[in-house]
Structures are given as structure tokens and as C-alpha cells.
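Data first, discussion second: the structure below is written as C-alpha cells.
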Amino acid sequence: MTKLSVNVNKIATLRNSRGGNVPNLCKVATDIESFGAEGITIHPRPDERHIRYQDARDLKKIVTTEFNIEGNPIKKFVDLVLETQPTQVTLVPDAVDAITSNAGWDTIKHKDFLKDVIATFKAHNIRTSIFVNADLKMVEGAAETGTDRIELYTESYADAYAEGNKNGVQPFTDAAILAHKLNLGINAGHDLSLDNIAFFKEKVPHLLEVSIGHALISESLYLGLENVVNMYLNKLK
Ligand SMILES: CC(=O)[C@@H](O)[C@H](O)COP(=O)(O)O
Ligand SMILES: NCC(=O)COP(=O)(O)O
């Protein structure tokens with residue numbers, strides 16, 4: 001079964017645009033869970049452009065499904081994760097000023113750093129995942145870090161699919177097969193959408209979780225949030 005974790009960053013973007021508390025992030029997250037989503041994901045960035053660190057604390061109190069916090073493990077991020085104790089932490093090698101996530105980890109170059117950070121979170125019973133490209137060497141390197149899971153960075157798949165190139169899924173199929181052999185759990189995310197999710201699910205084995213935000217919230221503007229969540233759930237069956 002592949003779980004749907006809804007990234008609510010863009011709800012926070014809308015909220016912050018007017019400086020108040022509309023839409024109420026915690027209410028939207030609770031409603032998303034009531035619609036059937038199996039997780040809530042946030043990615044607090046150092047500049048708190050959308051998700052604020054306080055949002056992580058507030059959501060921890062009300063999320064009843066899986067809570068996944070994504071981010072670059074700078075000190076204040078590590079401290080926030082240890083304070084809030086989410087179900088899962090996903091480590092992403094984002095530059096501070098990145099407009100969005102745009103790369104997976106070099107798990108060979110950063111092996112020692114990742115091993116240390118992952119050991120810290122695992123010692124606090126937080127499941128770990130690291131954001132990687134669908135590159136077999138990076139998957140092998142990920143297994144060396146002791147991480148519980150990897151999150152396959154799916155932008156290249158989404159771009160290829162949008163151009164009609166279904167062969168873009170092959171590296172992800174291969175990466176998932178190798179990761180499973182290496183006893184790594186497999187998550188995926190970034191630019192997944194109602195258009196491309198079913199084919200990805202069909203071709204990528206052992207997929208435990210997808211985290212989806214930007215497309216899902218955008219699609220909801222036309223189709224409604226409850227309807228879109230259920231459309232994803234149906235495509236993930
Ligand atoms: C790692 C990843 O792909 C997501 O966390 C994505 O980057 C969402 O971040 P933004 O909502 O800031 O684009
Ligand atoms: N880890 C991916 C995520 O949380 C959401 O990415 P996107 O769907 O906003 O591109």
C-alpha cells in the first residue's frame with residue numbers, strides 16, 4: 001500500500017500572503033486527514049517563507065496520521081525535529097535560498113555527515129528518509145548511511161512524463177528495485193500530480209509513501225480539496 005502524505009506548504013503560503021490565519025493551517029491539515037490522507041508533510045525553510053517553525057509545533061499537537069518534516073539538517077532544523085518528534089524526518093540538501101527543492105543528496109560525498117544526523121534522529125525513534133536522485137550509486141550510498149528510507153526525487157520523471165516520455169520512469173523503477181534489495185524503504189516526491197501519479201505507482205515497486213503538495217493544492221483550486229485527495233487515493237490503490 002502506498003500512503004499519501006499531503007504537503008501543506010502552499011496552504012501556509014496562502015495564509016502568510018495576508019498576514020492573518022486564513023486559511024487556518026491546522027484546520028486544513030485536520031480536514032485533509034478526514035478526507036483520507038495517511039500523512040501530513042511540511043518543509044519549513046530557514047526563511048520560513050511558508051511553513052513557520054511554530055507551525056511544526058502546532059501541527060504536532062493535532063496530526064493523527066503520519067507527520068513528516070522535510071528540510072536541510074541545519075542546527076535549528078535538527079533542534080525543531082528533536083523538539084517536535086514527528087513520525088518521520090526527510091533530509092533534503094536544499095540551499096538556503098533555493099526557490100524549491102532541486103537536488104538529491106550526494107550520499108557518497110556526505111556519508112559521514114548523514115550517518116551522524118541519521119543516528120541522532122534514530123536514537124530519538126524518529127524514522128529517517130533522505131532525498132535522493134534515482135541514481136543507483138546514490139541509492140547504494142544511502143544504504144551506507146543507516147537511513148530507514150529514501151525519498152526518490154521525482155522532478156525528472158514529472159518533466160519527462162509531461163513531454164510524453166514515459167521512459168523517464170525507468171531510473172525510478174531500477175532505483176526502487178535496488179533500494180528494496182538493500183532493505184531501504186521507498187518514498188517519492190516532488191512535482192507528482194494527478195496526471196503522472198498512476199503511471200509512477202504502476203512502474204515503481206515497493207513504494208511506501210508519496211508526498212505531494214504543489215500540484216495537489218493547485219488542482220484543488222478547480223476540483224476541490226476533498227475530491228482531489230480522494231482522486232489521489234484512488235490512483236494509489
Ligand atoms: C523535498 C520536496 O520536494 C518538497 O519539500 C518540496 O520542495 C516542497 O517545497 P516547496 O513547497 O517550498 O516548493
Ligand atoms: N517531498 C515532496 C513534497 O513534500 C511535495 O513536493 P511537491 O508536490 O510540492 O512538489
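Every residue, even glycine, has its Cβ placed from backbone N, Cα and C.
Automatic prediction, not curation, is the source of TrEMBL annotations.
Annotated features in TrEMBL:
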type     : residues                  : note
ACT_SITE : H43                       : active site, proton acceptor
ACT_SITE : E70                       : active site, proton acceptor
ACT_SITE : H190                      : active site, proton donor
BINDING  : N7, R18, D191, G213, H214 : 3-amino-2-oxopropyl phosphate binding site
BINDING  : R45, H50, T100            : 1-deoxy-D-xylulose 5-phosphate binding site
SITE     : E151                      : site 'Transition state stabilizer'
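Residue environment of R18 (3-amino-2-oxopropyl phosphate binding site) contains 9 other Cβ atoms, counted within 10 Å of its Cβ in all protein chains. The DSSP secondary structure for H50 (1-deoxy-D-xylulose 5-phosphate binding site) is coil. Measuring Cα to Cα from N7 (3-amino-2-oxopropyl phosphate binding site), none of the recorded positions R45, H50, T100, E151 fall within 10 Å.
Counting in whole angstrom, H43 (active site, proton acceptor) lies 5 from E70 (active site, proton acceptor) by their C-alpha atoms. Using R45 (1-deoxy-D-xylulose 5-phosphate binding site) as the reference Cα, a 10 A cut-off selects E70 from the recorded positions R18, E70, E151, H190, D191, H214. In this structure, H214 (3-amino-2-oxopropyl phosphate binding site) is part of a helix by DSSP.
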